[in-house]
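Student: This structure is in structure tokens; I'll ask about it shortly.
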Amino acid sequence: MDSDSKTEAIKRAKVLMVGAGGIGCELLKTLALSGFQDIHIIDMDTIEVSNLNRQFLFRQSHVGQSKAKVARDVVLRFMPRICITPYHANVKDPEFNVDFFKKFNVILNGLDNLDARRHVNRLCLAAEVPLVESGTTGFLGQVTVHIKGRTECYECQPKPTPKTYPVCTITSTPSKFVHCIVWAKDLLFAKLFGDRNQENDLFVHTGDGSDSVKPTDDIFERGLDEVPVQYGRKIYDHVFGYNIEVALANEETWKNRRRPRPIFLGDVLPEKLILQNGNLEKNCLTEDLSLSAMSSLGLNNPQEIWSLAENSRLFLEALRLFIERRGKDIGSLTFDKDDQLAIEFVTAAANIRASSFGIPLHSLFDAKGIAGNIVHAVATTNAIIAGLIVIEAIKVLEADFQNCRMTYCLEHPCQKMLLMPVEPFEANKSCYVCSETPLLLEVNTQTSTLRDFVDKIVKNKLGMSFPLIMQGAILIFEGGDDLEEDIAANYALNLDKVLTALPAPVTSGSMLTVEDLQQELSCHINIKHREEFDEEKEPDRMVLLGWTTPEKESQGVSNGENTAAAIPASPEAINKSEEVEVTAEISRTKRKLSEMTEVQEIFQILPDTDANNSMDPQEVEDNDYDNDLIVLDENPEASKKRRLQ
């Protein structure tokens with residue numbers, strides 16, 4: 001296609017961008033400057049202070065406003081003649097259905113979580129609209145092209161399953177700092193400041209399989225005449241002292257483990273300092289007016305590792321400020337890494353617990369990275385990836401599918417390459433999304449409930465939002481906001497029934513059909529009854545098979561799940577002599593990438609979204625930045641037949 005025709009194709013194109021964050025800001029700017037005239041943006045987020053270091057379209061005055069709308073307004077200042085339509089909404093909202101997606105020539109993703117990516121992928125397949133997917137993690141990035149009938153879809157390659165931890169590990173036998181963070185964030189913080197009616201096992205397990213030990217009185221209930229310092233001391237002594245003593249009572253647990261040390265507040269801080277800690281009038285606001293126990297105590301360096309005494313004072317002060325300054329929020333709070341007081345409390349609690357179990361203490365800066373699953377973003381990577389997205393989008397608009405490439409951005413040059421192009425693969429014949437291959441679920445049909453199946457498999461693993469579940473011609477469950485109350489109530493009654501007790505009993509050999517009408521996706525699941533499961537490796541007590549690639553096919557890794565992150569293979573597991581070959585179109589030569597640790601990491605062990613942190617970040621939860629890397633870990637020459645020719 002000549003230059004004039006290419007320009008005309010760009011001007012005529014109607015483009016949908018999903019995400020207006022780190023990649024999205026760069027992408028919108030690049031699209032506008034490349035001549036695109038009709039751009040639509042969907043983003044549900046508002047601008048936060050932490051976005052300003054890399055999302056360059058936004059300024060301090062924009063904090064709290066819609067990302068999509070502000071991005072539009074800013075770009076129109078220097079490109080006033082183009083049309084940009086913003087949607088401050090969730091891409092999973094019903095209005096963004098298949099018919100909506102059919103309006104566009106190409107979809108460009110700049111998302112930060114796996115759930116939304118899978119949703120967009122399915123809508124693109126149903127609408128038969130090409131998708132250009134992308135993501136960054138620090139210095140690493142990738143752009144991939146997905147065209148129905150020509151290339152693999154986004155879900156043809158397996159994604160790492162979310163990492164979960166047995167309750168006994170978190171409550172009784174932590175061995176890593178991330179275990180302490182999970183305990184402080186998901187158990188202690190939630191118990192003290194969240195919904196106290198929710199199930200929350202904060203009590204120590206005895207280790208012998210019996211029930212956890214619980215006090216007769218609710219230790220977490222604050223008395224009417226109990227001042228914050230008294231309440232703080234009671235909580236401190238219970239969770240860091242009494243609970244540890246209970247755990248130590250079981251000698252069997254500690255035969256092959258390091259014994260923890262009970263910590264009581266009186267052993268760490270003198271009585272005078274304990275009382276003073278919560279009574280002095282101090283400046284407890286940061287420069288941006290956030291409530292802060294650090295400011296109150298004069299702890300000014302978040303990258304400093306504080307002592308046990310300093311963490312204990314921070315714990316008490318943060319608890320006091322929550323009670324005295326944010327009392328109306330207690331009972332409805334959820335942890336937010338951008339909540340200064342919340343991250344201070346979690347850091348202090350995690351460090352005190354770490355001290356008890358002989359685990360090295362960490363700074364607030366590092367703890368925030370783990371708790372928020374943060375990879376500190378690099379704006380240059382976002383800019384490079386945005387440019388590559390536009391290049392691939394133009395190829396799609398020209399119908400130049402033969403020259404479409406998956407491109408990987410490396411941190412260090414390999415054979416003088418920082419950008420590694422690879423030809424797209426054909427669709428995976430075992431992909432349950434684009435090939436409709438039946439899946440197999442191993443489950444104890446006599447103990448697992450329909451709710452377990454819906455939450456753990458249908459919603460979590462299959463990513464369906466409004467599922468419809470049938471056995472044969474019998475409808476056993478339907479989800480959605482538009483159901484009549486009596487019908488929804490009837491389905492709700494089934495949720496807590498074990499599978500064998502459903503109106504159409506689900507037993508070994510049964511086949512379930514699961515559909516999501518919004519995504520226009522349907523798949524079949526064969527049921528196999530199984531009695532026993534490994535609690536450590538299979539905590540869901542369900543194993544879904546058949547949704548990964550065959551053994552001899554490529555085993556890509558993709559990141560970006562919004563729950564707990566996955567633990568990829570360790571670097572030690574990689575064969576250092578292994579050579580990975582890629583075909584580099586830029587030089588038309590085969591390049592061998594051997595003895596390059598960086599490339600081995602990219603091809604084998606990329607961490608989860610925003611989890612590339614120096615303290616086992618692969619094991620933590622949440623994500624907020626624009627990171628999602630699909631990693632190639634096969635020899636492309638060996639799978640040349642699978643490539644798009």
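Yeah, the Cβs are placed from backbone N, Cα and C, and that goes for glycine too.
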Student: Choose the correct range: of 520-561, 604-645, which one does TrEMBL annotate as region 'Disordered'? Give that range.
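Tutor: The range carrying the region 'Disordered' annotation in TrEMBL is 604-645.
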Student: Six or more residues beyond either end and a Cβ under 8 Å away: which residues meet both conditions relative to the domain 'Ubiquitin-activating enzyme SCCH' (329-366)?
Tutor: 48-50, 174-177, 180-181, 183-186, 188-190, 192-196, 236, 239-240, 244, 258, 260-263, 286, 290-294, 302-306, 308, 311-312, 314-315, 318-319, 321-323, 372, 374, 613-615, 622, 624
Student: How far is it from Cys431 (Zn(2+) binding site) to Asp112 (ATP binding site), counting Cα to Cα, in Å?
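Tutor: About 23 Å separate the Cα atoms of these two residues.
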Student: Among the recorded positions listed here, Cys153, Cys156, Cys168, Cys431, which has the most company in the form of other Cβ atoms within 10 Å of its Cβ?
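Tutor: Sorting the candidates by Cβ neighbours within 10 Å, the top entry is Cys156.
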Student: Using Asp112 (ATP binding site) as the reference point, find which of the recorded positions Cys156, Cys168, Cys434 has the shortest Cα-to-Cα distance to it.
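Tutor: Answer for the nearest of the recorded positions: Cys156.
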Student: Given the recorded positions Cys153, Cys156, Cys168, state which is nearest to Asp43 (ATP binding site) when distance is taken between Cα atoms.
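Tutor: Out of the listed candidates, the nearest Cα belongs to Cys153.
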Student: Given the recorded Zn(2+) site (Cys153, Cys156, Cys431, Cys434), which additional residues of the same chain have their Cβ within 8 Å of the Cβ centre, ordered by sequence?
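Tutor: Filtered neighbour residues, in order: Leu125, Glu152, Tyr154, Glu155, Ala427, Asn428, Val433, Ser435.
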